[in-house]
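Asker: Found this in Swiss-Prot, in case it helps:
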- 19-26, 67-71, 125-128: GTP binding site (BINDING)
- CYS211: S-geranylgeranyl cysteine (LIPID)
- CYS212: S-geranylgeranyl cysteine (LIPID)
- 41-49: motif 'Effector region' (MOTIF)
Amino acid sequence: MANRVDHEYDYLFKIVLIGDSGVGKSNILSRFTRNEFCLESKSTIGVEFATRTLQVEGKTVKAQIWDTAGQERYRAITSAYYRGAVGALLVYDITKRQTFDNVQRWLRELRDHADSNIVIMMAGNKSDLKHLRAVSEEDGQALAEKEGLSFLETSALEAVNIEKAFQTILTEIYHIISKKALAAQEASSNLPGQGTTINVADASANQRRSCCST
């Protein structure tokens, strides 16, 4: 099968999807990257990822979304994939209280393994199943505020707030990267006789200016 060559992009941002098994992470991934939803989707084994290129404030950003398995037996495998992530979408199922109760455990794991500046959004998924709701939107919002996270309720089935969730994460990441670049430029300009360009992009958010094959 021939490789598809992506269009040129300015930034590559790695984002991880985390949360319990069965909360809808894989369908969030497929809805965002392929605009697809599979009613018969099975639990992810190990890790898979997909990409999508989009515009963020005039820059072309390639989002590399990693879908990490929620099952306990795979947590040791997936922890390695937090490395290099600059964003995370922490997902729970609004119809299953236990998945919401486990959010703080996932947050601890994320903060133990990921960069301290990682951008995190919490998503209460399956908002289309309001008649089965076990977690109120107010409870979700309150926990997000307590932990300093952005928050949305989403539906991969009905494509509600999926786009907004990722756009919010990517825009916030871009703002952080831009501020770092500006600060580095200002620091460099204050050094007389220094003509060296400072590269502030790290391995997880490299500024790219060439085509690449996937």
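Along the chain as shown, residues are numbered 1 onward.
Cβ atoms are placed via backbone N, Cα and C, with glycine included.
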Asker: Name the secondary structure element type, per DSSP in three states, that contains THR68 (GTP binding site).
Answerer: strand
Asker: Inside 10 Å of the Cβ of GLY22 (GTP binding site), count up the other Cβ atoms and send me the figure.
Answerer: 15
Asker: Around GLY19 (GTP binding site), how many other C-beta atoms are within 10 angstroms of its C-beta?
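Answerer: I count 25 other Cβ atoms within 10 Å of it.
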Asker: If you count Cβ atoms within 10 Å of each one, which of the binding-site residues THR68, SER127 comes out on top?
Answerer: THR68
Asker: What number of additional C-beta atoms lies within 10 angstroms of the C-beta atom of LYS25 (GTP binding site)?
Answerer: 29
